[in-house]
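J.: Take this structure first; my questions come after.
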Amino acid sequence: MTNIGEKVVCLVAYHVFFMLFVWSYWKTIFTLPMNPSKEFHLSYSDKESLEREPRGESQQEVLRRAAKDLPIYTRTMSGAIRYCDRCHLVKPDRCHHCSVCDKCILKMDHHCPWVNNCVGFSNYKFFLLFLAYSLVYCLFIAATDLQYFIKFWTNGLPDTQAKFHIMFLFFAAAMFSVSLSSLFGYHCWLVSKNKSTLEVFRAPIFRHRTDKNGFSLGFSKNLRQVFGDEKKYWLLPVFSSLGDGCSFPTCLVNQDPEQASTPGGLNSTSKNENHLFPAKPLRDSQSHLLTDTPSWSETSVKAEKGKVGMNNPALTMENET
């Protein structure tokens, strides 16, 4: 390069992209995965009861009592409460046990060997930015090196060893760009559908049916759930995701007949009355994503829950146990 302005622009752009790449990579590696809160852990008495009971319906009854006040919507393939017998806790929605970390990770996506960390609720935004800035960084290097790479093949460069460095640099940047673009594109698709990698291979099972798009709220709300409401933080490796990782709004929340406390105040008991618990209200930081329904308070939830308990035999029986 001979033009001073071109040198300054390339130098500044390179260091900006490099800084954002290293920053997001650092945050992805050193942000600890979040684990379920204490309310999802079984009490000492529940653990004892679970150990005494034989496997089967008796253990499920213990888990149902422990989970009746928890904001969970998903179940196992057999319709049972999702329980981790290694961590001794009721799994929140989208939570999975990592065999490498040997603990339950909130909204686990996958365990990434490249960052030696679990990618989940606490660092998924950082992982996405890491992929994005890695791709931009490689594309920038390939683009600025392209003219010299062409000169290499047309014998337009001085006959020194530096020209082989140019060739290697271009090939390395181009190959990484191809692999990163496919991986980044895949995770962009996951964000647009509000899915994790694990949920692609095994769709979440809700109380009433399996639904691969059960957590999808539409592209805009799905994006905000990962990047937050304030757009000024979207491109920075700063945590801004919505919620606490333990509960998530679903597109099925108003269709679930168990919803004694749906945001719209609906009381649907005409079908699937064999469900065992009323669903719990969404966390405040997530519930505002359901903007198509009016706001509601905890007191109205309790009042409505009492009404449904009187009208629904399944819920009445649960309250008596």
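Any Cβ shown, glycine's included, is placed from N, Cα and C.
Straight out of TrEMBL:
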type	residues	note
TRANSMEM	12-32	transmembrane segment
DOMAIN	81-200	domain 'Palmitoyltransferase DHHC'
TRANSMEM	126-144	transmembrane segment
TRANSMEM	164-186	transmembrane segment
REGION	259-321	region 'Disordered'
COMPBIAS	259-271	compositional bias 'Polar residues'
COMPBIAS	287-300	compositional bias 'Polar residues'
J.: Need one number: mean pLDDT over the domain 'Palmitoyltransferase DHHC' (81-200).
T.: 92
J.: Kindly report the helix/strand/coil residue split of the domain 'Palmitoyltransferase DHHC' (81-200) according to DSSP, in that order.
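T.: Split into helix, strand and coil, the domain 'Palmitoyltransferase DHHC' (81-200) gives 66 helix, 16 strand, 38 coil.
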